[in-house]
Ligand code: IPM
Ligand code: MN
């Protein structure tokens, strides 16, 4: 198979973990006789530094011409405490999601046996957790009208959703549930928000056609609690943009390390794969970041965009083998750890 992969390393630890994922993909290509070509582009703070634009036109074209996108992370502390910055790295990510029509962010949460004691939750709560969050990614208050009043003493972020925006991600969530444990939990705030009531209407209508899939309705505050008390109860969580942003960060700590979780953003055409951990600027350039989430993102890329299931599994097995043999970074083992590159070499050797 011949494929072109756009590589957007981004900021912070993005370049280090992405480099490992690219090596791992190369290794897979050699082993399974594929040709993957990699082309790099700028996004985020590094793109602002180089071009003034957090998502340059050139990067957009690169993404549109690729068969899949491998993304690292964006963000830089110099923008975090400056509410007046005219351009921000995050705008690059949001513009990219919108421009590429990436309307669904898929974040699986499952546990690794050897990490059960690394979770802040008790082993008996964490063991066997296996759910996936479908977060709407191009609507809601992230993209609604926002601004200030003339005297600048009031501000607003409008949350809007259309039936179509809700329906298309609902379809993806139900399709996933049909192949899993056949349960969808719609998370909303329908006791307060009109948009949530529209979500309920659309999702309930859709669910009526799938009687073998259980639809559960849950308020977001209650879901925040249930994720900690009994995360095993979830199979597929379906939710809007902002709720999904918050709940997926919460969900990520269940596994014991934020450095283990991949994600996929999908839409109409090309899909994007990224670790969920963000740019972690304090660790940038130190060769300490965990590359496993990036490699698992690459595995998801192979499976989802190229339908290369055995190849994806080979990467997953390699990560598992490194993990089980203690070839891990400091976030997983503070006393016996390797660096990002060294863990990467081990993973590649296990492919
Ligand atoms: C994420 C991030 C982004 C979001 C930020 C960086 C804009 O937190 O991918 O979850 O809020 O969507
Ligand atoms: Mn987030």
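Keep in mind that glycine also has a Cβ here, set from the backbone N, Cα and C atoms.
Residues or ranges marked as domain 'Isopropylmalate dehydrogenase-like' by TrEMBL: 4-347.
According to TrEMBL, the feature substrate binding site maps to 97, 107, 135, 221. Around residue 97 (substrate binding site), the same-chain residues at least 6 positions away in sequence with a Cβ under 8 Å from its Cβ are 103, 137, 138, 265.
Taking the Cβ of residue 142 (site 'Important for catalysis') as reference, residues of its chain lying under 8 Å away and at least six apart in sequence are, in sequence order, 94, 241, 242. If you look up TrEMBL, you'll see 142 (among others) marked as site 'Important for catalysis'.
TrEMBL lists 189 (among others) with the feature site 'Important for catalysis'. Secondary structure at residue 189 (site 'Important for catalysis'), as computed by DSSP, is coil. Around the Cβ of residue 189 (site 'Important for catalysis'), the same chain contributes 196, 219, 220, 221, 243, each under 8 angstroms and 6 or more positions distant in sequence.
The Mg(2+) binding site annotation in TrEMBL covers 221, 245, 249. When other Cβ atoms within 10 Å of the Cβ of residue 221 (substrate binding site) are tallied across all protein chains shown, the result is 12. Taken residue by residue with DSSP, residue 221 (substrate binding site) is part of a helix.
The two recorded residues, residue 245 (Mg(2+) binding site) and residue 135 (substrate binding site), have Cα atoms 7 Å apart. By the rule that a residue counts when its Cβ sits under 6 Å from some atom of ligand 1, the recorded positions 97, 107, 189, 221, 245, 249 yield 245.
Distance from the CA of residue 249 (Mg(2+) binding site) to the CA of residue 135 (substrate binding site) is 12 Å. In the vicinity of ligand 2, defined as a Cβ distance under 6 Å, the following of the recorded positions 97, 107, 135, 142, 221, 245 are placed: 245.
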